[in-house]
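Quick notes on the structure that follows.
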Amino acid sequence: MSSVVSRYVTQILCGNQGCLDFKQLDRIVGQKFTVADDVLLGILCDRGKYAISKGEGKASRLAMSQNSVIVAKTSLRVCQSPPGDCLHCENLHLCRYFVCGNCRFGNKCKNAHSLDSPHNTALIRSVDHHELGEAELFPLLLQNDPYLMPEICSHYNKGVGEHGSCKFKTSCTSLHLCLHFLQGDCKFGAGCKRAHTFDATTMKILNGRGFSQENISILDKIYNNKFIIIGQSHEEKPSVVGPSPAPAIEPVGKERSRKPSSRSISETDRNEICLFFIRRHCSFKEKCVRIHYHLPYKWQILERDGVTWRDLPNVEEIEKAYCIPGKDTSGGVQPVDFLTMTCGRSPVRRLSTVSSVTKPPHFILTTEWLWYWSGELGQWIEYGQEMYDDKGKVASVTSKTLENVYQADSDSEIPFGSGHNQYILYFKEMYQQNVRFKTKREVRRRPCFLSGQDVEAKLKSGSPESTSSSTVSVPPHWDKEALPDFTYKLVPVLGLMTEYQMVQSLFKRTMSTSTIHKINRIQNPSLWRVFQWQKEQMKVKNGGKLVDERHLFHGTELPILDAICEQNFDWRVCGIHGSHYGKGSYFARDASYSNRYSKSSASGKKIMFVALVLVGEFTKGNRDYLRPPQKGTSKGLYDSCVDSESNPAIFVVFEKQQIYPEFIIEYS
C-alpha cells in the first residue's frame with residue numbers, strides 16, 4: 001500500500017512543478033486513499049524521495065505545519081557522455097536540450113528523444129518512476145540533476161557594482177541573478193540591487209541551454225526546489241555535495257570550532273587567499289577561484305544587504321590583536337569582538353591562506369596556527385611549552401600536533417598528558433577536561449602574527465626551510481641549468497631518450513594514427529617538492545606501503561598550459577572532463593579518451609599532458625563527490641575515485657598535491 005501511495009505522491013508533486021505545500025498534498029492524497037497518519041508521515045520522511053522545507057505556524061496532526069513544502073527527489077541523472085561512449089551506464093540516455101524543453105535539432109538530433117528505449121525504461125522502473133510521463137519526469141530531473149541547470153554566479157551575489165565581484169561580467173557562463181530571490185527570501189524586493197528579472201545575457205544563456213519559455217517562466221520555482229533538495233543533502237551527507245547557496249554567517253561564540261563540511265569545501269576555496277598571488281605570480285589571474293590579496297589574512301564586515309563583504313580598515317591592527325590569545329576584542333573605533341566575530345551588530349569574517357600543516361615546509365606565507373589553554377591564573381599557555389609558574393609541566397602535545405589532528409577531523413577528541421595529569425581536548429566545544437577531576441579549561445586557536453613588513457621580508461628571503469632550486473632534490477636526468485624558483489621551464493625531450501620512448505609508447509597504444517610533433521618535460525622544482533612530500537604523507541598513512549603511482553593523460557587547450565605548468569591542475573579553472581565520478585581533476589589511462597578534451601590550435605595541432613598521479617587507494621566514484629568517500633568503517637578517506645575498481649580507465653583526483661604535470665605532447 002505504501003509504495004502505491006508513494007508513487008502517487010511523486011506523481012502529484014511532479015504534476016505541480018515539482019512541489020506542493022503539505023496542506024494541499026494531504027488533501028489531494030486523502031481524496032484517493034485512506035492513509036494512516038504514521039504511514040503518510042513515513043512516506044514523506046523518505047529522504048531518498050522527498051525533501052521537506054519546514055514551514056512556520058502550528059504543526060498539524062503529523063507534526064508538520066500546513067505550509068511546509070514537500071519537494072520531489074530522484075536519483076536519476078542524464079548521461080553526459082557522447083552516444084555509444086559509455087558501457088554499463090547508470091544514467092538516462094536523453095538529449096539534455098530535449099529535457100530542458102527546446103532541442104533545435106528536433107528529429108535530426110543524434111541524442112535520444114524518447115523514454116521508451118530498453119535502457120531508459122529499465123532505469124526508470126528501477127527507481128519506481130515508471131508511471132511518470134515526460135511532463136512529470138522532466139521537471140523532476142531539472143530540479144535534481146546539477147548537469148541540467150546553469151549555476152548561479154556566487155561572485156555576482158557578493159560584490160558591489162553592476163556585476164558584483166564577478167570578473168567575467170557579461171561573458172560569465174553562470175546566471176547573474178539574485179540568489180535570495182531564487183530561494184524565495186529576498187527581503188529587498190523591487191529595491192534589491194541584484195537582478196530579479198532576466199536580462200539579455202541571462203536569456204542568451206538559457207536559450208543556449210535549450211530552456212523552453214514555459215520552463216523559463218517557472219525558473220525561480222525550479223531553483224527554489226533545487227535549493228531545498230541541496231539543503232537536505234547537506235544535513236545527511238557531509239561527503240557529497242552539489243552546487244550550494246551562499247552560506248549563512250554564524251557567530252563563533254566561545255571560539256567553537258566549525259567542521260569543514262563538504263558543503264563548505266568549494267566555499268572554503270573561494271575564501272582562501274591565493275599563495276601564488278602573494279608571491280606575485282598567479283598564472284590563473286582573473287580565473288583563480290581563490291582571493292587575491294597582498295597579505296596572508298583579510299578581515300571583512302558584512303554590509304546591511306546581507307550579501308556584500310567589505311574590507312575592514314586597519315587590518316594589521318585587528319590581526320595583531322587576534323593573534324594574542326588573551327584578547328577578546330580589537331581596539332580602535334570599530335572594535336571586532338573575536339568571540340562572537342562581530343563588529344557592532346554586523347558579522348565579521350577572517351580570510352586567510354591555508355594552514356601551514358597542510359603544505360610542505362618550504363611553502364611560505366601559509367598560516368601557522370598556535371593552540372593555547374587557559375591556566376589557573378588566567379594566563380594562556382601554548383601546548384608543548386613549559387608553564388612559567390610550574391616548572392616541568394609540559395603538555396605532551398604541541399600546536400603542530402593539534403593542528404594536524406584538527407585539520408583531519410575538527411570534531412574529534414585527543415587525549416594528552418601534562419605532569420601527572422591526563423586530559424582530553426574536545427575540538428568541537430574547544431575545551432580540555434581533566435580525566436580525574438573533571439575540571440574544564442577553555443582552549444583557543446589563534447594564528448602567528450605576520451606584519452606587512454614581515455611578509456615583504458619573507459618574500460625577499462624565501463622560506464628558511466627551503467633551499468635554492470639548484471640544490472633541490474630533483475630527478476637526476478633533469479637539466480640542472482633549468483631549475484627556476486617558483487616557476488617552471490620546458491625542456492625538449494629528444495627522440496632517442498628513454499623518456500621519449502616511454503611517453504610515445506603510452507600515447508600510441510590508443511592513438512596509433514596520430515603524429516607526435518614534440519614532447520617537452522616540465523621542470524618545476526616547487527611542484528616536484530610538493531608532489532614528493534605528498535607521496536611521503538600517503539606512504540606514512542598507508543603504514544609504510546608504497547603508493548600506487550601512474551602515468552596518466554589529460555587533454556586541454558593551449559591558453560591554460562602555462563597556468564597548469566606553474567600551479568598544477570585545478571578542475572575549477574582547467575575545466576571538467578565529465579563529472580560521472582566526482583568533481584575533481586580527471587585523468588585517463590588511454591590517450592584516446594583525453595583526446596576528446598584537447599582543442600586544436602589555429603595550426604591544427606593539439607596538446608596533451610602526461611601527468612604522474614598518486615592514485616593511491618581508489619574506489620568507484622559518484623558524480624556528487626567533492627572528495628573521496630571514507631574507507632568503510634575504518635577512519636580515513638580513499639585517495640582517488642575511478643570508473644571501475646577492477647579495471648580503472650578514468651581516475652579522479654581531488655588534491656592537486658597528488659599530481660605532477662610531467663610531460664606535454666604536441667600532436668596532430
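Even glycines carry a Cβ here, placed using N, Cα and C.
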To which of the residue ranges 94-116, 140-162, 301-323, 554-576 does TrEMBL assign the term zinc finger? 94-116
Can you check which of 177-199, 361-383, 476-498 TrEMBL lists as zinc finger? 177-199
At a C-beta cut-off of under 8 Å, are there same-chain residues at least 6 beyond the domain 'C3H1-type' (268-295) that contact it? List them, or none. 154, 167-168, 260, 315-316, 349, 351-354, 359, 363-366, 450, 452, 455, 459, 486-487, 562-563, 566-567, 570, 572-573
